[in-house]
Amino acid sequence: LRLRGAVSGLRYWSRRQRPAAYSLAAVCSRSMASKTPVGFIGLGNMGNPMAKNLMKHGYPLIIYDVFPDACKEFQDAGEQVVSSPADVAEKADRIITMLPTSINAIEAYSGANGILKKVKKGSLLIDSSTIDPAVSKELAKEVEKMGAVFMDAPVSGGVGAARSGNLTFMVGGVEDEFAAAQELLGCMGSNVVYCGAVGTGQAAKICNNMLLAISMIGTAEAMNLGIRLGLDPKLLAKILNMSSGRCWSSDTYNPVPGVMDGVPSANNYQGGFGATLMAKDLGLAQDSATSTKSPILLGSQAHQIYRMMCAKGYSKKDFSAVFQFLREEES
């Protein structure tokens, strides 16, 4: 693992979308009698509500994010904000990281002010970022040298599930430590699944997101075709969702504006899971397919589509904006 590029990670980290602020008034009631602090690093669109759900379950937090503004509402709610990942590790022996890319994870763990500078022996470090499985394995080796435990636990479900505490966690690591990880992850998700050794959580997430991208593109194409054939989009969505074409992209996260409320397509594709992150995850799938000599014909095509989207001004839009992108490409 090359760490030379890690110092540039913060620049990439800084490009992610910030979460919309909302009041912590509803999440600050807790009994802290038996709860020890949990470190949380990375308060983006997903990390923000995940951290709030830990608060709901009574865990005091030691918070860090490269954007000080992201920490303000937590600080106002009485949580402790520190100035680096190393400071988090000094004050907490259970830490969750939620970062956009492999470079960001390397920086947070192995950088000049990273977790490994001050990690305590016996600490449990859970990385919920979606990164290269090989990076997770290398980080686990470095963590093990410090006498601590590393587990990869990427998530599925999107921002809505993060807010409601219904995420699915795919966990890789030493099985004997799974129960300890499950205690925390169960506060943020309704499904916590043990996948095997370190890196298998990432493998499961990469496969899931490749399928999600393919199904979202398929839903967008089917909806667009139906609309052009004169069908009402709400009626078409209803028919798809009671038929064999039904999928999460059609019945929970429909990409057509006006079909569903409370999804990014109803809000000019703002929030949610960015097209840039989807392109990144598809790149991870492509790399894994190459290393394992696995054919991913549709996955590769999806990767190219999302890369084109990002190049043509959709990088800050939710990945469901592929519907809008395809319509513009046709015209």
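All residue numbers here begin at 1 and follow the chain in the order shown.
Each residue, glycine too, has its Cβ placed from N, Cα and C.
Automated prediction, rather than curation, is the source of TrEMBL annotations.
Long-range Cβ proximity for Thr36 (NAD(+) binding site), meaning a same-chain Cβ under 8 A and a gap of 6 or more residues, is found for Tyr59, Pro60, Ala92, Asp93, Arg94. Residues or ranges marked as NAD(+) binding site by TrEMBL: 36-64, 99-100, Asn104, Thr130, Lys280.
According to TrEMBL, the feature domain '6-phosphogluconate dehydrogenase NADP-binding' maps to 38-196.
Annotation source TrEMBL lists domain '3-hydroxyisobutyrate dehydrogenase-like NAD-binding' at 199-325. On the 0 to 100 pLDDT scale, the domain '3-hydroxyisobutyrate dehydrogenase-like NAD-binding' (199-325) averages 97 in the predicted structure.
The feature active site is assigned by TrEMBL to Lys205. Within the same chain, residues at least six positions away from Lys205 (active site) with a Cβ under 8 Å of its Cβ are Thr130, Pro154, Val155, Ser156, Met170, Asp281.
Break the domain '3-hydroxyisobutyrate dehydrogenase-like NAD-binding' (199-325) down by DSSP state and the numbers are 89 helix, 2 strand, 36 coil. In this view, Pro100 (NAD(+) binding site) is surrounded by 26 other Cβ atoms within 10 Å of its Cβ, with every protein chain counted. Neighbour counts were taken as the number of other C-beta atoms within 10 angstroms of each residue's C-beta; across the binding-site residues Ile41, Met46, Ala51, Leu61, the minimum falls on Leu61.
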